[in-house]
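J.: Following this message is one structure expressed as structure tokens.
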Amino acid sequence: MSTEAVAVSAVSEPQQHTPSAPAQAKTVEKVNLLGMSRPQMEKFFEDMGEKKFRAGQVMKWIHQFFVTDFAEMTNISGKLREKLEKICEIKAPEVVHKNYSKDGTRKWVFRVGDGEGSLVETVLIPAEHRSGLRRTLCISSQVGCALDCSFCSTGKQGFQRDLSQAEIIGQLWMANYSYMEEVPVLERERSVTNVVMMGMGEPLLNYDAVLNSMRTMLDDFAYGMSKRRVTLSTSGVVPKIDQMVKDIDVALAISLHAPNDELRNELVPINKKYPLEQLIAACQRYIAKDGNESSRKHVTIEYVMLDGVNDQPEHAQQMIKLLKNLPSKINLIPFNPFPHAPYGRSSRNRIISFQKTLSDAGFVCTIRQTRGDDIDAACGQLVGQVADRTRRAEQWKKKVAAQNEILRSQG
Ligand code: SF4
């Protein structure tokens with residue numbers, strides 16, 4: 001049973017965790033409060049017989065002051081703190097690798113299970129902006145991914161499982177905390193300014209956990225981020241884009257990568273299920289819902305530049321036609337090759353000429369800066385390297401144990 005499942009059952013059956021049932025308390029995991037959205041935490045407190053405003057207080061301690069010890073929550077009574085200590089915990093996923101680049105990029109690999117490949121990664125990219133320094137965090141939503149886009153390192157790792165809410169919001173918590181470990185509790189401030197749900201996995205295939213996590217990002221009792229600064233990026237799960245229209249207002253990005261169905265079927269196989277016509281129509285509906293809201297004025301189109309595959313002049317012309325009725329900003333991403341990648345990166349000249357064609361047609365089109373080159377490359381690649389090292393270390397341990405066994409048997 002995942003930690004998430006434990007947390008959910010605990011919300012509906014809090015009596016299982018009361019200190020008056022010591023035999024059960026020994027075997028039941030503590031409830032991790034880190035992942036709970038405010039409505040979920042309010043229900044949790046009410047089920048415990050506490051006032052629901054306590055949820056807001058605890059959320060502030062967790063997400064604004066980065067406190068994990070209930071003893072430090074000074075506006076909460078000693079009795080309640082003691083109670084929480086017994087049945088709850090505030091636990092971010094374990095960091096197994098971190099790397100801080102000279103250019104300010106930070107990258108973490110988290111362990112989210114026992115299996116060899118139970119690793120996810122999170123990247124923070126700083127950039128100067130006219131409104132000040134932006135720190136954008138790219139968050140993962142699944143361990144691996146089932147969608148198998150042909151240019152993607154994560155897709156090559158296959159799908160293992162969905163991340164829980166605690167594991168998703170834990171990435172944001174840890175990135176913020178990395179700037180203030182040494183800062184006194186009451187002087188702590190949130191450092192991450194923007195979030196993109198664009199790391200490992202397809203976020204719309206882990207819908208509920210991602211939705212609740214994004215609600216926590218927007219919540220004034222937690223991260224209080226503006227809805228323009230939280231972006232969900234999808235490869236095109238059309239029914240869930242329509243569901244988002246009803247559930248939340250955040251910015252939307254589409255991993256397009258090809259301007260026609262034939263090529264997109266090859267690069268982004270989910271296109272066979274939801275072809276471009278359906279995808280563009282869903283984006284139009286997303287924008288139309290609240291056309292005046294700034295977070296929904298346009299859709300961001302992500303387009304990875306693959307040498308000789310999708311970067312030709314005719315592809316730029318097809319893009320112009322495809323997007324002519326969709327308010328959009330286009331972001332060209334120079335491909336970052338990974339070992340055994342079947343593609344190469346388009347040349348600088350090719351990318352610039354592609355950009356010029358789109359800009360001349362009236363689109364806002366940018367080229368993503370490659371950052372953090374001294375710490376690694378494409379999404380999912382660092383996890384591959386860490387998993388490789390873990391595997392090699394385990395194989396080495398087995399080899400040594402086998403040799404010792406032989407020596408022992410030889411007397
Ligand atoms: S690009 Fe995104 S959706 Fe496609 S395989 Fe990679 S992680 Fe999954």
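The backbone N, Cα and C atoms fix where each Cβ goes, and this holds for glycine too.
Taken from TrEMBL, the feature region 'Disordered' covers 1-24. What TrEMBL lists as compositional bias 'Polar residues' is 12-21. Positions annotated as active site, proton acceptor by TrEMBL: Glu121. Annotated domain 'Radical SAM core' per TrEMBL: 131-374, in sequence order. Per TrEMBL, [4Fe-4S] cluster binding site is recorded for Cys145, Cys149, Cys152. Per TrEMBL, the feature S-adenosyl-L-methionine binding site maps to Gly201, Glu202, Ser233, Ser255, Leu256, His257, Asn336. The active site, S-methylcysteine intermediate annotation in TrEMBL covers Cys379.
Quick one: where do these features end up spatially?
T.: DSSP assigns Glu121 (active site, proton acceptor) to a strand in the three-state reduction.
Cys149 ([4Fe-4S] cluster binding site) counts 22 other C-beta atoms within 10 Å of its own C-beta, drawing on all protein chains shown.
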J.: Under a three-state reading of DSSP, tell me whether Gly201 (S-adenosyl-L-methionine binding site) is helix, strand or coil.
T.: coil
J.: Taking ligand 1 as the reference, state which of the binding-site residues Cys145, Cys149, Leu256 have a Cβ closer than 6 Å to one of its atoms.
T.: Cys145, Cys149
J.: In terms of Cα spacing, which of the recorded positions Glu121, Cys145, Cys149, Cys152 are within 10 angstroms of Glu202 (S-adenosyl-L-methionine binding site)?
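T.: Correct set: Cys145.
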J.: By the DSSP assignment reduced to helix, strand and coil, which category contains Ser233 (S-adenosyl-L-methionine binding site)?
T.: strand
J.: What is the interatomic distance between the Cα atoms of Cys149 ([4Fe-4S] cluster binding site) and His257 (S-adenosyl-L-methionine binding site), given in whole Å?
T.: 10
J.: In Å, how large is the greatest distance between any two Cα atoms among Gly201, Glu202, Ser233, Ser255, Leu256, His257, Asn336, the listed binders of S-adenosyl-L-methionine?
T.: 19
J.: Pick from Cys145, Cys152, Leu256: which of these binding-site residues has the biggest number of other Cβ atoms within 10 Å of its Cβ?
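T.: Answer by Cβ density within 10 Å: Leu256.
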